[in-house]
Amino acid sequence: MPAAALLDDFLAFTLAGDAPAEQDGACAGGAVRWQWLGDGLLAFEPAAADAAARASVLVSAGVHGDETAPIELLSMLVRDLAAGALPLACRLLVVLGNVPAMRAGERYLDDDLNRLFSGRHAQVPASREAPRAAQLEAAAAAFFAAAPAGSARWHIDMHTAIRASVFEQFALLPHTGTPPTRAMIEWLGDARIAAVLLHTAKGNTYSHFTAEHCGALACTLELGKVRPFGQNDLARFAPADRAVRKLVSGGRAEVDAGGGHPSLPRVFTVIDQITKQSDALELFVAADVANFTAFARGTVLAQDGDYRYTVTHDEERIVFPNPTVKPGLRAGLLVIDTTRETIAALV
């Protein structure tokens, strides 16, 4: 297939499973160089020779194959960069994550790809997701290894959620052992993200891998509900899309009508999780309970044999409740509001 088809509609090209006739070249009237690195992997770099000041930005979507809206947004980002409609001010790696699951219209084929990073894919060698996790790790590591010394590194991993949420759009920051940066929290505010969830333990997500192993300012964005390709109201994603485009193009954060910057998001910290011990797990919440629903002290939320989870703080909120996960995996997170102390500690 010609390279123009790749750049004009990255999503359709990737779903078709073709390799481009040319795997690198120039676009945007010669202002941008591009390189196809494999299925769903596309790198861009400005042609101008001012590399020392450039940030390196990885933007990903489709780590879950049925989370279509961010995939569509990324395809439009590629189109606009290639056409010169959006300037490029950074090194950029665009990633469509679980391409076979995207083609099948499924979240994943064998295993949740976003639980297989930081080497965990080696524990499930028969999984169809395992080679892709290893490939995405290698691509990210190579991309950030080539970053100019001392330059900014970002990873924005865009998702949509299975269920409704008290905060429709929220972010998750991986645990790195240090407080979140002001740059990230302010960028999330500019993206109109209402809430941020801080992990307190290491994980196996894509954003955790890039934060820990590549030194990136990384986040997972949850931007709304899962819908099939072509059925998304992309206007609902406009603030996040604008923020990503500004990050890529070197634009400035928005200023509101009063001359100030957008409000910072509320911050919640993970204080525990419900782990599925067996198929006997019972979650005592409604099947359609929204993410960030609050529960009072003393509420029993789960039972699995001798295991029971009871709320011990004045208020805890549940995020990602899912009793259908495989035994050994997380069936829900419990978080508390830590906005004041987190904002005070920003660096």
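Here the Cβ of each residue, glycine as well, is placed from N, Cα and C on the backbone.
As annotated by Swiss-Prot, Zn(2+) binding site applies to HIS64, GLU67, HIS159. There are 26 other CB atoms within 10 A of the CB of GLU67 (Zn(2+) binding site), with all protein chains counted.
Residues annotated as active site in Swiss-Prot, with sequence analysis given as evidence: GLU222. Residue environment of GLU222 (active site) contains 25 other Cβ atoms, counted within 10 Å of its Cβ in all protein chains.
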Cα distance (Å, whole number) from GLU67 (Zn(2+) binding site) to GLU222 (active site): 10
Set of same-chain residues at least 6 away whose C-beta sits under 8 angstroms from HIS159 (Zn(2+) binding site): ALA61, VAL63, HIS64, GLU67, PRO70, THR220, LEU221, GLU222, LEU223
Non-site residues, in chain order, whose CB comes within 8 A of the mean position of the CB atoms of HIS64, GLU67, HIS159 at Zn(2+): ALA61, GLY62, VAL63, GLY65, ASP66, PRO70, ARG107, ASN114, MET158, THR160, ALA161, VAL226
GLU67 (Zn(2+) binding site) in three-state DSSP notation: coil
